[in-house]
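What TrEMBL annotates here:
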DOMAIN    38-325  domain 'ABC transmembrane type-1'
DOMAIN    356-589  domain 'ABC transporter'
TRANSMEM  34-58  transmembrane segment
TRANSMEM  78-104  transmembrane segment
TRANSMEM  158-175  transmembrane segment
TRANSMEM  181-198  transmembrane segment
TRANSMEM  276-294  transmembrane segment
Amino acid sequence: MSTTGLAEVTRGPAPPAADPAAGPGVAALLRPHAWGFAAVVALQVIGAIAGLAPLLAVAELGRELLSPGPVDHGHVRIVLAAGAAGLFVRLLSTAASAGIGHVLDGRVQLALRRRLAAHLGRVPVGWLSRRRTGELAKVVGEDVSAVHPFIAHTPGELVSAFVVPLVSLVYLLAVDWRLTLITLIPVATAVALVPLLMTPTRRREQDDFDAAMGRIASSVVEFVQGIAVVKVFSGSARAHRRFLSAADEFVEVFSRWVRGVSAVAAGMQLALSPPFVLLVVLTGGAVLIASGGLVPADLLPFLLLGLGLTAPVAALGHGFDDMQAAGRALGRIRDVLAVRPLAEPARPVAPRGHRVELRGVHFGYGDGHQVLRGIDLVLEPGTVTALVGPSGGGKSTLVRLLPRFFDPDRGAVLLGGVDLREIGGRDLHRMVSFVFQDVRLLRASVADNIALAVPHAGRDDVVRAARLADIHDRILELPRGYESVIGEDTGLSGGEAQRISLARALLADTPVLVLDEATAFADPQTEQAVRRALAASGGDRTVLVIAHRLETVAAADAVVMLDDGRIVEHGRPAELLARGGRFADFWRPHRPAAADRPGIHDGLPRGDEYR
Ligand SMILES: Nc1ncnc2c1ncn2[C@@H]1O[C@H](COP(=O)(O)OP(=O)(O)OP(=O)(O)O)[C@@H](O)[C@H]1O
């Protein structure tokens, strides 16, 4: 049982959302904020360039004050004013870009989360129930947050990292072109080393490294997931072995990779390190000064600005890493938004009654395998139809089409003579309820869980449904009775969770009930509760039940035997048994045990068990 916070999907599809089926993609969501992005990037670039002004001012002051001859006070004042103005502009634009960037970021994240929430409300319920809760929570939470640097920081920082050195370079060229070229030696050396990291051998080592990393990850997951089984069957040594060999192999691959890249990487680091840059500038400057080609004061700007020239190379590493992570997160968001929602009818038609009909229904899960292959079936109001058949025959798939977890690929499911695709989500919701094996309860009170479909139900009605589902006494034993919060005050067994889900369906009191008689949580009490639910659904209700127990089959009005996606037999249970066909063959192994029970003769219980 899971007690997740995700929208519970115990009854029909989610209510329709207002906007059309195909909503805007990520790019369209970002488009209205394009001017905001442009402003953030522009302000960051302006701030970064203005930030150079104080440095340039110091360099100019140095040149002015250290050069021979009288000091030009006017020039000094202008330089000081320009430096101060630059500092001010930098502060202002950095604050403005941070402010706008973060507001923009908040808006984009909110828009993305709203869009995801609206979309998740419309995707097929079947798609949702196949996803792990953590997987979707990660997309809506972490992945949307991962977009933050992409919006608020990285583009501006990357642009600045290139623009600032360019501006510095122009200034340095104006001071002395020869020393500028010398100052560029460290960056040129680092860039010249890059191809050495891209040789076929290095690429192969990088691929091996990635593959070895993947093997470690998968062997860890396997080991952790299987740990309980491994312990029980005392095969821990064997399970360890795969992980150990993956780890050993990783160490070997990693050492090879490190040996290959370390010399080049160290060379690059050395070339870009401040001591090396200063050494080059000072050596070059000293040679030029000694030869009389450079005024000593002109060395100052090179010492101040030379270090900043290496910034783009470092920014390439960090900024692109962030951008790539944000890109991957956006990709996952885009994948979720790309899931085709169930189309809502433009003009919903109200069903006329609650006769259910499947007409020529074909369905597959999109992997090329057809699970249902031409199902024609009518479920009359006031009847119970038992669905039986070998495992994997398509029973669960078929019953999930009734609450429109999925739409058929071909053919149609009709309710009250109307194709489900023509019925509004809310109407369908009011007409079809279900109890499946994968019960999901919300982290809410037991009473709220039962009254999920009928939020205004009175306590008496909730208690009546709980009694009928044989869970009332157990609820009273919980710390806070009906107010106990599932997952906080209490946990429930699989059978208990299923009985809560049953109470929920009984309270909803829909004219169509779809039920999977669970084998997974089979305990006498749950079994009894299911039988009572079926008994209570007498009268005019249309009931389809995946039957695992003889009593259920025997008491049904009709049995449908499903094998390999086709109906192979359909009729009254006793007739089918008497006919000795596929159903009789399939059911024979169940008979001896059941036949021994009192009240059961020839494998069938006497009398009408629940009608
Ligand atoms: N969510 C899914 N995605 C892809 N394939 C699925 C999914 N659910 C079921 N299948 C496949 O559809 C086929 C029919 O499965 P289904 O669960 O409908 O059969 P079943 O008769 O209910 O079996 P069982 O009695 O064991 O529950 C199987 O081959 C199964 O692997």
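Cβ coordinates are placed from backbone N, Cα and C, and glycine is handled just like the others.
Distant neighbours of the transmembrane segment (34-58): 79-80, 82-87, 89-90, 92-94, 96-97, 100-101, 103-104, 107, 151-152, 155-157, 159-160, 163-164, 167-168, 171, 300-301, 304-305, 308; these residues of the same chain sit at least 6 beyond its ends, with a Cβ under 8 Å from one of its Cβ atoms. Highest Cβ pair count under 8 Å relative to the transmembrane segment (181-198), across stretches 78-104, 158-175, 276-294: 276-294. Averaged across the domain 'ABC transporter' (356-589), pLDDT in this predicted model comes to 85.
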